[in-house]
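Working notes for the structure below.
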């Protein structure tokens with residue numbers, strides 16, 4: 001097999017790694033929906049889904065079958081093309097955002113020198129999906145939910161990006177692998193604690209998760225921008241939301257908690273355990289916090305998160321300049 005050159009083998013292995021990592025992310029996002037319902041049942045002193053399979057283990061399969069056979073309905077006066085594209089853009093952008101996350105020293109889909117900027121770009125692209133969904137549905141509740149979601153996401157992406165600049169300044173690179181290697185001695189969560197707090201809050205808001213789920217507030221907007229979606233289109237939005245949680249959790253681990261670094265266990269196991277911990281924290285937050293008003297969410301972002309990120313960035317810059325002297 002003379003055509004099987006070393007360069008071609010490297011390319012095929014890279015493609016295989018990318019496919020495996022992205023499939024694992026999609027699977028984790030899907031299974032998180034089942035895990036969330038089980039954990040919410042535990043937190044609220046009830047059973048949760050336990051009828052399909054042993055202990056409810058096949059509930060996810062039942063949900064997938066139900067969603068697959070539901071009518072793929074499109075509203076009569078909607079923009080059919082944009083209405084169909086919106087869930088695809090949402091799912092794809094959130095999945096591609098995970099591509100820059102290194103799960104071990106040798107396993108990463110795209111080891112980009114502008115990794116953090118690529119993530120912020122994909123997070124911004126997801127806003128278009130929400131706007132497209134709300135506008136193309138020709139529904140006032142969808143449009144209001146899309147306007148809420150876009151304003152909230154764009155606002156908190158500012159704090160999300162600023163909270164990462166301290167980490168970038170310390171590592172001297174936008175590359176995620178370089179940032180992880182820079183945490184071999186001390187995790188960034190210690191010198192960048194306020195940056196981590198702001199990133200965690202902004203990450204929950206960007207994912208539209210409770211308590212920042214005003215764009216989907218059932219009591220006010222009847223499920224917001226995807227009220228008109230059903231079948232697999234709704235499934236793409238649904239799984240995409242959980243993929244966003246997986247991505248934000250993985251970024252917390254990579255940027256602030258040493259990535260794959262840890263004693264005794266293999267690097268991938270450490271990364272998976274840390275990521276699973278933060279995924280559970282998302283669920284715990286949903287189970288324990290009330291939903292504030294929309295104006296309170298926006299006010300909190302601009303009056304609390306923004307000053308905190310700016311102070312953190314200024315202090316980090318001052319410390320780096322002092323150490324350089």
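Note that the numbers count up from 1, one per residue, in the order the chain is shown.
Glycine residues also receive a Cβ, built from the backbone N, Cα and C atoms like all the rest.
Among the features that Swiss-Prot reports, transmembrane segment is placed at 11-31, 81-101, 114-134, 154-174, 186-206, 237-257, 265-285, 304-324.
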Interface present between the transmembrane segment (237-257) and the transmembrane segment (11-31) (three or more C-beta pairs under 8 A): yes
Among 186-206, 237-257, 304-324, stretch most in contact with the transmembrane segment (81-101) (C-beta, under 8 angstroms): 237-257
Other parts of the chain folded back onto the transmembrane segment (186-206), taken as Cβ under 8 Å at six or more residues beyond its ends: 123, 152-153, 156-157, 159-160, 162-164, 166-167, 170, 179, 212, 244, 248, 251-252, 255-258, 261, 282, 285, 297, 301, 305, 308-309, 311-313, 316, 319
Chain residues in Cβ proximity to the transmembrane segment (237-257) (below 8 Å; excluding those fewer than six residues from its ends, i.e. six or more beyond): 25-26, 28-30, 32-33, 87, 90-91, 94-95, 97-98, 101-103, 119, 126, 133, 164, 167, 176, 179-180, 183, 187-189, 192, 195-196, 199-200, 203-204, 206-209, 226, 229, 271, 274-276, 278-279, 281-282
